[in-house]
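Structure first, commentary second.
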């Protein structure tokens, strides 16, 4: 599926002042929000075609208390979070009937169960859906067992079935059979089985589909909802005749039930985990390709958007064929479908044989979409294809090893796209997308290991984060480099063969790679998966290196929380000298560091440690070496690879932020930028310096100096590329980045161009160049937006059908420098007919990027927290993560407000880690400003 150790005290006399200030701020915000709501909300979106949706249900489905009432009975092992290992499903016969207009569905499931120990109770997962008839239970002999009662144990999301007598273990081939009838809602949520709507030729149409990962299959139907409870499925859907049904497997038969209903039954599936079960009822059109091995690869899409599925269809075929070759294993099912869901909570979901997508990640229109959209589609398509092997064929034993799914998909997606789009430099772009961003996350005390214990649905949901995905991908990249790509590939093939249709743990993967490489993979890699963080290597005399844990907070206790490895790592250190590249294993037991066996014994030539940032660590050279690097970048930056230029700058700014390097040395590296003309370094430079920019945004003395310096640095490349949307893929990405940075730094020429194009667009007669649209919407709105242009942009958002264009317009709307309009925009978040459920948190984040909206967005979250929890639930990871919009905060008052808010709502659900991380970050920001402002001011001043 496409993430705090210091204590801060406020002196007592300041508390009264702060309290008064907070009350005043709260009143002002509350009044402004209230006033603008009463004035503006009535005309939000008048006179436009509304994108339909539906509101959450006002109440839960009525409970049949006589069937399976809720109970606090804790007399059995259903008290435990995990299912017992002596009750295992073997096969599900599942029939579901959606009543689309009523927003409900009914169903029946018959589960064949293997019982290996005597028990009087069977329990399985169920949440929000209700049992409508007393369950029926049969022995392996076919004799019915009397059921005494059933009840829901809501604490662990179970339904418990109690038999009149003890069930003996079944022997031989015979199995118990449990039949349950159930009913549930199709509205109010983007998880489980749900309905959403879209417009076709002015008519509102419905589609119903499932989204089950990680623990939401239990919302659709009663099931043993753990990844190691694999079973086969025969699924049938009863649906209106004018609709079609899809599921994991091909259709076995379609039968008419009556004049209104058709029953579609699908072939029996291979053994799979509950979270991969999928079905959909739709009226879409399709585009099909055929794989080299003869498998149909079909994309289902709204009929009016059929042309936007062509690119995804082509990339699917190319990457699918590549992975069948690379993994030396044919795809396991007879077909592979993909479907674009109009309102979808995650980026995409790898359901076996029926992958579901958010529209932005599947549908690409070359005449309307940007190059970044095209790359996103390719990456997400490749990511979900990887899962058809890593995740579906071989599934992690338990969610603590989620990275075996997500880290692998995040790594191999770059190989897949690199195969299909060879000019995009995807093998290097992994630095921008995964390696360098997650190194920032993982340098906090509040990070977590890749392999982490989880024991609630909220904890499971919360590990779908940058550590599982991006750090997982990063260490696989390092591992592949160490043991060689050939042996890495062979090890992956052996792992897939050995655990086909089964579950595996991290240690199983290490074992497969050890057999393929004859190298101590487990000994090295356990230090990377079983403890959080990563090292910084300090280089002395150009050959002596020592390691220590890298933390952004220089005052943090680097031994906390406890790690069995003591925050030391076994490191495959790659280094180059005179164009020769070598790997030396730095054993963590060598506490005094190691000496590299360099052909340069005097240490007077540059020894590049970690070329192309292939290893998941940072490198700190002596000051004289950093000065040499800065000089040589200015003399001939092409002596360093594009990845090295990005890596050196990122390392330097991270080291300076952690007070391991003077900011003077880091900033000196940026002096060469007037000559830089490549995407990779520029994109990373912009990210690296954004921290400084955001910290000093409100500093009236320093910020203009920062703006002027970076404006001058970016001007040559911005002027050279200009505002014509031409060039290859990477040039288009580069242009969007540097022109955006020029606008952000207040370049009058860039801002005037953005405003001019924006004014032309407002006339309705000009189509903007696709790769400049986001820039124009953002900075045109920021520079010259008013109520008229804002209303026009909102109208365009509501009338356009392409999701990628909608997303850009949402960002434009969030960029207006007008508090009343931003307040009105925040009000629209509660109207799903205007802003889809999937986009609410995106909009809040966009508003927070606006200097006018930063505090407004945060205050809106606080004022509307209970509403958001009711709408999305505490288990929603997007809700959990939204608190991270406060990461740029850097005052004691802002910190106090955050801590007060978290105390008021202590239940964080999937937001537990994000809360820890944002508090740690804000505390670090406050301290950072005290420590670094003068140094940075002096550098820019001079």
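Every residue gets a Cβ built from N, Cα and C, even glycine.
Of the residues 213, 480, 486, Swiss-Prot puts just one in the substrate site with 347, 348, 349, 350, 351, 877: 213. For the Zn(2+) site, Swiss-Prot lists 383, 387; matching the candidates 359, 406, 421 against that entry yields 406. Swiss-Prot lists region 'Disordered' for one of the ranges 40-74, 75-109, namely 40-74. Under DSSP, residue 114 (N-linked glycosylation site) is assigned to a strand (E or B) in the three-state scheme. Looking at residue 786 (N-linked glycosylation site) and residue 753 (N-linked glycosylation site), their Cα atoms lie 18 Å from each other. Cβ contacts within 10 Å of residue 753 (N-linked glycosylation site), excluding its own Cβ and spanning all protein chains shown: 22. All protein chains included, residue 587 (N-linked glycosylation site) registers 15 other Cβ atoms within 10 Å of its own Cβ. Fewest Cβ neighbours within 10 Å among the glycosylation sites 110, 114, 314, 579, 786: that distinction goes to 579. Closest to residue 753 (N-linked glycosylation site) by Cα-Cα distance, out of the recorded positions 114, 211, 314, 367, 587, is 367. Of all the recorded positions listed here (211, 384), it is 211 whose C-beta has the fewest other C-beta atoms within 10 angstroms. When the Cα atoms are compared, residue 668 (N-linked glycosylation site) and residue 632 (N-linked glycosylation site) turn out to be 11 Å apart.
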